[in-house]
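According to Swiss-Prot, the protein has these features:
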CROSSLNK  Lys48  ubiquitin cross-link
DOMAIN    1-76  domain 'Ubiquitin-like 1'
DOMAIN    77-152  domain 'Ubiquitin-like 2'
DOMAIN    153-228  domain 'Ubiquitin-like 3'
DOMAIN    229-304  domain 'Ubiquitin-like 4'
DOMAIN    305-380  domain 'Ubiquitin-like 5'
DOMAIN    381-456  domain 'Ubiquitin-like 6'
DOMAIN    457-532  domain 'Ubiquitin-like 7'
Amino acid sequence: MQIFVKTLTGKTITLEVEGSDNIENVKAKIQDKEGIPPDQQRLIFAGKQLEDGRTLSDYNIQKESTLHLVLRLRGGMQIFVKTLTGKTITLEVEGSDNIENVKAKIQDKEGIPPDQQRLIFAGKQLEDGRTLSDYNIQKESTLHLVLRLRGGMQIFVKTLTGKTITLEVEGSDNIENVKAKIQDKEGIPPDQQRLIFAGKQLEDGRTLSDYNIQKESTLHLVLRLRGGMQIFVKTLTGKTITLEVEGSDNIENVKAKIQDKEGIPPDQQRLIFAGKQLEDGRTLSDYNIQKESTLHLVLRLRGGMQIFVKTLTGKTITLEVEGSDNIENVKAKIQDKEGIPPDQQRLIFAGKQLEDGRTLSDYNIQKESTLHLVLRLRGGMQIFVKTLTGKTITLEVEGSDNIENVKAKIQDKEGIPPDQQRLIFAGKQLEDGRTLSDYNIQKESTLHLVLRLRGGMQIFVKTLTGKTITLEVEGSDNIENVKAKIQDKEGIPPDQQRLIFAGKQLEDGRTLSDYNIQKESTLHLVLRLRGGN
């Protein structure tokens, strides 16, 4: 009988065989035709690798069956790489390949830059300079691929014993997150960790960026012995600050710690505990202040008042102002604190935008009022893009920007090529040539980003039972590939499948593009009963 052998290059070889031929004989015939030594051949049928000692009949290989030929590199092996989306990639590697080589192979297959790849095996992150053999990665091992979004980085944490821990972090991680990562690695509870950078103790609520901690910075980890304690300071706004103190700290020290956290000068602070105002020269122990006690902070303002400014990110800034301050002064104070130029600030109170020449009193802004700060782009606006991982990206855009421009901005921020991005707004996929205004996308609208695998698309296959299967395909896939994907999902052998589109039966050797099958097209699957035509 005749059988076909399909290579990874897409070439199909025809062989004359008997059902009683064993797999070694078949490999010898392939060697005669193609010159490929048997020990470099792996034959696959119905998803299974065929063993040399077995016969074609053992595997129920019949006339006109198609086997798949995969080359096994000398000393080489196959390993699998599983992504967070559940997709599994097969790679041909050598044990001597280093991790950089492996990342380059993944880039060839998937288009993901190596610097955005983190590979995990047996719970360990693999380092670029090491080889697969160093990690005892053997044939058919599975690695896990995690994407490191741009803005991710490594930092080091050095303990008093001299041990150095490596952590994967984002600049936006707060110190609590970092302590939790240290707990995961080392088992040290966060409340016993003190982290020091550039001589300063890092506070839980602040982020790495707040301290200008950049990639490959080294933090120092000091264990906090019980004997130090935490106390709380509650402000009139209801905000609670946590301080690390000793019973022997005097009240001046405590006010200095509050200044470090909140920027309030000690001479404007009054601290109250158990109804008493605390005096600078006395200690916490003098007042019997113990761990987890709560002090109350009252501000002593010179004819001034505090107001709050809330940003779109949810951050609240506290400003010291006078009712007679004009809006320009207020913007200048915000620039001092946050570095945002006044001409990019819009301040909103009670739904009204505040004008530079007017004063706070003109708008009846009183102590502890909250203003809202919106950034004004020159002629532009901010929109948000939410990814499937739940991350939200902020983009500066113009209504006249077309969707291609927006995808380019996302590539700048996240490194995702535009051809892998699908943007959805109000349930519609956005087309490259149209503008944001065409879709009535306005300031602070949220788009949703879905990743499209390279050149890939989804199609649907509907069975006679009414079940619909979703497949990830490329336009260049031939009908055999599609039937193999259906076999993977549903277990139906390709030779029992007939696929119909637009009333036509699809032929194995043709591609989806040949039939003008586009994304989200629906094919119909009809079963061909054995012994039938």
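Using the three backbone atoms N, Cα and C, a Cβ is placed for every residue, glycine included.
It should be emphasised that the depicted structure is a prediction, and the values quoted were computed from it without experimental measurement.
Counted within 10 Å of its Cβ, the other Cβ atoms near the residue listed as 'ubiquitin cross-link' come to 9, all protein chains included. DSSP places the residues of the domain 'Ubiquitin-like 2' (77-152) in helix, strand and coil in these numbers: 18 helix, 31 strand, 27 coil. Confidence for the domain 'Ubiquitin-like 5' (305-380), expressed as mean pLDDT, is 83.
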